[in-house]
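**Q** The structure that follows is given in the form of structure tokens.
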Amino acid sequence: MGETENHHHHPPPPQAAAPPAAPPSLALSRGPTWTPAEQLHQLQYCIHSNPSWPQALLLAFQHYIVNLGTTVLIASNIVPLMGGTHGDKARVIQALLFMSSINTLLQTLIGSRLPTVMGASIAYTLPLFSIINDYNDEDFASPHDRFVHSMRTIQGSMIVSSFLNIILGYGRAWGELTRFFSPIVVVPVVCLVGLGLFARGFPLLGNCVEIGLPMLILLMICQQYLKRIHSRAHLILERFALLLCIGIVWAFATILTVSGAYNNVKPATKQSCRTDRSFLMSSAPWIKIPYPFQWGTPIFRASHVFGMLGAALVSSAESTGTFFAAARLSGATAPPAHVLSRSIGLQGIGMLLEGLFGSLVGTTASVENVGLLGLTHIGSRRVVQISTAFMIFFSIFGKFGAFFASIPLPIFAAIYCILLGIVAASGITFIQFANSNSMRNIYVLGVSLFLGLSIPQYFVTSRTFDGHGPVRTNAVWFNDILNTIFSSHTTVAIIVGTLLDNTLEANHVEDRGIPWWKPFQHSKGDVRTEEFYSYPLRINEYLPSRFL
């Protein structure tokens, strides 16, 4: 039957509205994301690969020069307060360099096995001030006698306090402590290893801006921009720009000195800017071999021994943070707990040797030398071992060593502005192994970083001119321990970060980066551990397994 005229077509049923399209992921619009990398791949030579011998010698000399700055700074600040002469300062610098070479060689061979220079530690300053203050009230025949008496007391204090590091290290206690770390703790610890030394940067550079600022700018331009001119220039400037810039600015400072630019300035400006104000060339002996008890028989005083214990603990904490940075910048994996233990134990043995040989302060892993690994992109262990030969040579032949030790300190400060920044930035990279979007992790990181900067700043600014800190009880040794510990940025970061990270609840262990962290806490946890940290020359076969 055909359609009737009353028949109407019904409209199709309305279709359900399509759901609104999901907004595009912002991550997709920003390009690819970078997967976590346990080792840096931009290094030209990693921990166990070596450049040619001529290049290795020049790179090793750079490590010597960088380490020299802190050594001269500590000796120049402390020796005059002890009553020492310019000749005494030269001998102290020689002893510091000699012990730095011995401890560096030991650490790279049977300690951490990382390419770290062991340099003079500023953590020992407060205990030294206590010794200086005690002897200022006593009568001596001459200021030199007071200096020698102070050095003998320092020797005795270091000999006894060295056993703290030996026990913590070889007793495996230090390694057990690091098992409580996670990437969330390592970030502020390594960051503050570099940032905590900010006083050695621009504040020291500002003492002579006309020398320090050109050094800072010239190093940036030569090392980062001029290397693009030619492939040959790229290789030379990236690796050796530091030496080139030091030579140019040092010559400029010499010209200013000779021309009389600093004849009518303040004494402090002369001390910082002139190239003839160290008085090391005239006072350093031609040949002087440091030997045990060179200042005399050690003096043991309980109050000073206890005060030095705090410095020994702080130097261990700072070395630990520096070892993590060194592993990162040399192409190695994170140092396992047993490696950190044996390195701290060996640092204690080194401190014992320093007490025997009469060093002014103990040593710690040099932060600035680790920054040099990142600046040159060369993390070779052999280069650092070769640098010990320069340290030994210039510590014995004093006149030659004094020539380089007379480089104005603002030049070193300009170098530190870059090297310490590289180390601080390497600490930030550890966050890639944890959840950086976790509010809990942000809390731990923020509080650890802020208190790690703020608490030591309070202790430093509250310190009087004679070295007394804010903790002032009747027990001087107790004051020294607390004031030393809480004046260390790294130590405060370890305390705050470890407590917060292990007591605040996390949604998942993956948020804290524990799955990445755990394999590095055991000697057999990662197949690469043996490659980077095993003893040389089959020493493993002759040592008890508990020390491996």
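For all residues, glycine too, the Cβ spot is worked out from N, Cα and C.
Annotations per TrEMBL:
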type     : residues : note
REGION   : 1-31     : region 'Disordered'
COMPBIAS : 12-23    : compositional bias 'Pro residues'
TRANSMEM : 61-80    : transmembrane segment
TRANSMEM : 116-135  : transmembrane segment
TRANSMEM : 156-174  : transmembrane segment
TRANSMEM : 180-199  : transmembrane segment
TRANSMEM : 241-262  : transmembrane segment
TRANSMEM : 383-405  : transmembrane segment
TRANSMEM : 411-430  : transmembrane segment
TRANSMEM : 442-461  : transmembrane segment
TRANSMEM : 481-500  : transmembrane segment
**Q** With the transmembrane segment (411-430) as the reference, which stretch in 61-80, 116-135, 180-199, 383-405, 481-500 has the largest tally of C-beta pairs below 8 Å?
**A** 180-199
**Q** Should anything in the same chain at least six residues away from the transmembrane segment (180-199) have a Cβ under 8 Å from its Cβ atoms, list it; otherwise answer none.
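**A** Counting only partners 6 or more residues beyond its ends, the transmembrane segment (180-199) has Cβ contacts under 8 Å with 318, 320-322, 324-325, 328, 334, 367, 371, 416, 420-428, 430-434, 441, 444-445, 448-449, 452-453, 456, 488-490, 492-494, 496-498, 501-502, 512-514, 516-517.
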**Q** Among 61-80, 156-174, 383-405, 442-461, 481-500, which stretch has the most Cβ pairs under 8 Å to the transmembrane segment (116-135)?
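**A** Going through each listed stretch, the top one turns out to be 61-80.
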